[in-house]
Amino acid sequence: MSTLLPGLPRAVLRLHRPALALWTAFVLVTVGCLVLVASASDGARSGLTDCTAPGDGCLADPWAIDYGSLLGTVGGLTSLGVWAVAAWAGGALIGRELESGTARLAWTQGVSPRRWLATGLALPALALTTGSAAVAAVFQWAWSSHQDLTADEWATTGAFAARGPALAAYTLCALALGALTGLLLRRQLPALGASLALTVALGQAMAALRARFWPTATLHDGQHLSPHAWQPSGHGPAYHPASHFWPIHLVETGVVVTLAALATAAAFAVLRRRTA
Amino acid sequence: MTTATAPVTGALTAPHRLRWLLRLHRPALYVWTAAVVVLTAALLWLGGPLTDAAVHAWRQYDVCRTGATCVYDQDAILRYKDVYQYTTWAVLALPFLVAAWAGAALTGREVESGTAHLAWTQGVSPARWLAAKLAAPAAVAAAGTAVLVALHRWAWLADHGGIDTAKSWSSFETYYANGPLPVALALAGLAAGALAGLATGRALAALAWGMSATLALWGAVHLAAPRLYPAVTRTAGLDHDGPVGSGIVLDSGIVTADGRHLPDPFCGSSAYSTCQALYERIDAVGFFSVYHPRSHYWPLQLLATAPVLAAAALLALAAFVLLRRRTQGKAATA
């Protein structure tokens with residue numbers, strides 16, 4: 001089957017088969033965790049006796065009480081996945097090939113540097129987007145199947161990005177930052193470190209800026225704050241109702257995709273200057 | 001003087017080996033020193049000025065609780081919380097940094113590039129080569145991590161109960177960053193990384209294996225230690241708000257008249273009529289909690305640290321055995 005692929009993509013695929021297997025395993029494990037948590041909560045919910053919500057006098061299972069934080073933990077796992085992508089892209093995908101000279105060898109074998117980088121990025125991007133889309137779809141399904149058991153966890157780093165296209169945006173940005181640092185530093189370990197540090201810093205910066213991506217709502221007199229409302233610290237009494245999730249999520253996706261595009265363009269520019 | 005007595009075979013003396021190791025890994029030593037210095041400064045700042053400001057802010061807040069007008073330094077409280085969280089996670093990340101470096105740069109890269117084989121042909125026996133590679137980094141990693149966990153413990157104790165939101169001794173990050181386990185994990189990470197580097201001969205794969213092994217060891221002792229030490233079981237009447245006894249809770253809930261254990265319904269005291277009705281319906285007689293109180297801190301820490309140290313020794317031993325088998329095999333075929 002792989003003989004149907006032309007030479008360069010086949011080479012990239014063969015070289016990074018362990019990474020592809022790891023990524024597939026990661027996607028499957030994450031999806032498995034989500035299905036497990038959601039179905040265990042189904043069971044816990046049917047076990048609730050004489051009550052509509054945890055806390056009003058029912059025998060509740062911890063699975064039902066902690067649903068939001070359990071999903072937040074799975075969301076944290078996806079953040080680790082994004083970090084791993086950054087480390088791999090900087091270290092193994094680009095940095096090692098430049099350090100060992102295999103990249104230079106490829107360029108003398110009729111593969112132009114541009115095509116080398118384009119293929120090296122396009123195939124991983126395809127796998128990463130597909131995997132992220134699958135995880136995000138199942139995450140959103142798990143979230144919406146017991147949304148009433150969650151509180152303001154929708155705004156926390158783990159659960160926020162994992163529920164939509166922002167997850168794919170973050171993985172692609174990690175890939176692009178890895179390519180850029182790999183081309184700039186040309187050594188696997190420094191590139192791995194720099195790429196990882198940049199990706200972690202990006203996530204921290206986005207978490208700090210997130211509350212500003214959409215105008216906040218204010219509480220009117222006599223109105224009660226819903227348990228799903230998110231009150232970001234440092235914003236006084238202003239809050240974001242849960243309905244602000246999608247607007248904020250889409251703005252954040254746009255910002256991260258833009259950064260990914262800029263990093264990719266910069267990577268190609270660095271490559272051209274190096275090989276000119 | 002040493003040069004005059006040095007054997008003509010070109011074998012390196014111990015001080016030479018140390019100097020050569022230092023030169024090769026100078027960037028790593030710089031990064032490690034910078035990390036230790038920055039974290040030391042951050043922890044001193046946290047335990048000193050930041051704690052004082054946050055304690056002062058909490059005192060202001062306590063006055064507010066009784067008075068009508070309220071001014072308190074919320075920023076001081078939040079800054080303490082943020083810096084505490086960052087420094088705690090940074091301390092816990094140190095063993096992984098050591099494991100990643102040991103796998104990738106200490107042995108993995110040298111085997112991958114062939115410099116290791118070159119060294120072995122230059123009069124440095126493989127066992128000596130590995131011993132030199134493990135000893136100095138182990139001392140540096142253990143010393144740095146030990147200083148930082150001690151400082152973390154000092155900074156955590158500095159508020160003397162004056163910060164209401166300070167983390168409890170049993171909260172996950174605080175529990176581990178205050179004790180000796182990170183030091184043992186750093187040593188185990190070093191040994192695991194070195195072994196992975198020799199076994200795979202590839203820098204990045206060894207990095208991943210070294211970090212995974214460290215994480216697995218931590219996970220294993222995290223699950224095992226609280227179950228190996230006898231826990232305290234405490235029961236309380238239904239007029240309490242819930243199970244009594246805080247710390248590392250292994251199990252808690254409701255005891256029924258026939259002695260069965262049920263999960264905590266999170267209803268509250270039987271003083272509330274709805275809860276009273278619920279407790280009567282399920283035939284509850286009291287709350288129970290199986291937990292480790294604060295006095296179990298050191299036994300639990302030692303039960304977690306000792307196996308990790310043993311694992312570090314076994315991993316290092318495995319690295320030597322693997323290296324000998326490899327190099328003997330080479331010599332036999334050559």
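Positions of Cβ are set from backbone N, Cα and C atoms, glycine also.
The annotation transmembrane segment is assigned in TrEMBL to B:27-46 (among others).
Look at TrEMBL and you will find B:86-108 (among others) tagged as transmembrane segment.
Outside the transmembrane segment (B:129-155), and at least 6 residues removed from its termini, the chain residues within Cβ reach (under 8 Å) are 14, 17-18, 21-22, 25, 29, 32, 35-36, 39-40, 43-44, 46-47, 51, 84, 87-88, 91, 94-95, 98, 102, 106-107, 116, 119-120, 177-180, 182-183, 186-187, 189-191, 194, 198, 316, 319-320, 323. What TrEMBL records for B:129-155 (among others) is transmembrane segment.
Marked as transmembrane segment by TrEMBL: B:175-196 (among others).
If you look up TrEMBL, you'll see B:203-225 (among others) marked as transmembrane segment.
Under the heading transmembrane segment, TrEMBL lists B:302-323 (among others). Sequence-distant contacts of the transmembrane segment (B:302-323) (same chain, at least 6 residues past either end, Cβ-Cβ under 8 Å): 107, 126-127, 130, 134, 179-181, 183-185, 187-188, 190-192, 194-195, 198-199, 213, 217-218, 220-222, 224-225, 228-229.
Of the Cβ pairs linking the transmembrane segment (B:203-225) with the transmembrane segment (B:27-46) and spaced 6 or more residues apart, fewer than 3 are under 8 Å, so the two regions do not touch.
Among residues of the same chain six or more beyond the transmembrane segment (B:86-108), those with a C-beta under 8 A of the stretch's C-beta atoms are 25, 28, 32, 35, 39, 42-43, 46, 116, 130, 133, 137, 141, 144-145, 148-149, 152, 155, 167, 173-174, 176-177, 182, 185-186, 188-194, 196-198, 200-211, 213-215, 218, 319. Listed as Cβ neighbours of the transmembrane segment (B:175-196) (distance under 8 Å, sequence separation of 6 or more from its ends, same chain) are residues 88, 91-92, 94-96, 98-104, 106-108, 130, 133-134, 137-138, 141-142, 145-146, 148-149, 152-153, 156, 169, 205-207, 209-211, 213-214, 217-218, 221, 248, 297, 301-302, 304-305, 308-309, 311-313, 315-316, 318-319, 322.
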